[in-house]
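Engineer: From TrEMBL, for reference:
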TRANSMEM  6-24  transmembrane segment
TRANSMEM  36-59  transmembrane segment
TRANSMEM  79-102  transmembrane segment
TRANSMEM  114-132  transmembrane segment
DOMAIN    158-305  domain 'Palmitoyltransferase DHHC'
TRANSMEM  204-228  transmembrane segment
TRANSMEM  269-290  transmembrane segment
COILED    308-335  coiled coil
Amino acid sequence: MEVQWVLVCHGMVTLTVVVSFLCGHSPIFKGTPVGWIHYFLTFGAWDYLLRFVEFVFGSKGTDAVLSVESFCCDRPNPFLQIIYLLLLGSTYFITVKSSFVYIPGYYIGEVHKYMSFGAVIIGVLLFLLTSFCDPGTVNAKNVSQYISVYPYDDIIYSEKECPTCKIPKPARSKHCSICNRCVARFDHHCGWMNNCIGEKNTKYFMAFLLWHFLLCLYGAVAIGFILAGRVKELRIVHILTSYYGIENTFRSLAPRVLQWLVGTYNTQILLLVFFFLVSLLLAGFFAYHLNLCLTNTTTNEKFKWREYTSLQKKISEAKASAAALKASMANAELERPAMSKWRGLWRRSEAKAEAIVAKRNMYDKGNFRNISEIVYPLSSRQAFQKPYHKSE
């Protein structure tokens, strides 16, 4: 029973942490334990750690911790890449040692021993492709090419020079402070890949997310079939109904079978829960980035549009306030009508603000063309076509 309660508590804690980390910023969780846990995970824990280090070791200790943070977060380093490889390797090793002894089983064939190994190798290859492929570095040689394929929209992108690289800054590009380079169609810098996600490696990044989601889902389903096979091979249902007098219904048998599985195959249950939760996490990330790809938007542009929207709303609200104040001063003797007029002006300004800040994404050309740009980037098409223009 102790092992079962440990597993139940482990699953509940893991689920709570994952949900809090991913969804705790939502307004519906404001002032709730989920919101508090999200704040603690994203900001509070680090703040308390710095305070504790400063209290115990003084300013020198804080400086040492901040220097480690700078090395891990502000400069290119393989720290998270090593963690990924260790996590993948150790998980596969534990799965092999604990579960492959039951393959082949009643519901699963021996081919899955080799399929699982091949699936892991493909995952590593996608990881290496995303990590070491050029994301689309912009330099003096190719900057004119990127400017020609990505026009400025004069809303969130306008003609300017990168102050660090000292070259014109193409639309949709961004200078990554970690990699110290401008990247075309910049999405974000991924610490797990130790690389930026940009024009030329977004397709590998998407394949990496999709494949690892399917890999974790495959692991969870395979272990589920292994456990179901053990129940069938050992005739657990027959033993429970014949020798223990348990009623032969799902409602009566399911809790007893689950209790037996947790007590007998606790490692496999832990792996199943782990694979399932990680697959949910990866599914969320993949769905988010797939939506960006379908609308030809990047994570960087999401933030830019949000800033633009916020700024336009503030400007509209300021204009509405000024108009309302002017109207109320002109009609000071008519207090109640002035108030209704102020409200009318405010509502009209809000409607106008919504119209002004509506997203005008000129790069969205329809789902099919947007996806084709991910698979076959625009700059690569132009580079391919250049020789034909010259020959003509």
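Note that Cβ sites are derived from N, Cα and C of the backbone, with glycine treated the same way.
Unlike curated entries, TrEMBL annotations are predicted automatically.
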Engineer: Give residue numbers and ranges for long-range contacts of the transmembrane segment (204-228): same chain, 6 or more residues beyond its ends, CB-CB under 8 A.
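Structural biologist: Result: 95, 99, 102-103, 105-108, 112, 116, 119-120, 122-123, 126-127, 129-130, 133, 187, 190, 193, 197, 261, 265, 268-269, 271-272, 275-276, 278-279, 282-283, 285-286, 289-290, 293, 374.
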Engineer: State the residues, same chain only, that lie 6 or more residues beyond the ends of the transmembrane segment (114-132) and have a CB under 8 A from a CB inside it; answer 'none' if no residue qualifies.
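Structural biologist: Same-chain contacts beyond the ends: 81, 84-85, 88, 92, 95, 190, 193-195, 197, 201, 204-205, 207-208, 211-212, 215, 218-219, 222.
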Engineer: Going by DSSP, how much of the domain 'Palmitoyltransferase DHHC' (158-305) is helix, how much is strand and how much is coil, in residues?
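Structural biologist: Computed counts for the domain 'Palmitoyltransferase DHHC' (158-305) are 90 helix, 14 strand, 44 coil.
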Engineer: With Cβ-Cβ distances below 8 Å as the criterion, list the same-chain residues six or more beyond the ends of the transmembrane segment (79-102) that contact it, or say none.
Structural biologist: 72, 113, 116, 120, 123-124, 127, 131, 191-194, 219, 222-223, 226, 229-230, 267-268, 271, 274
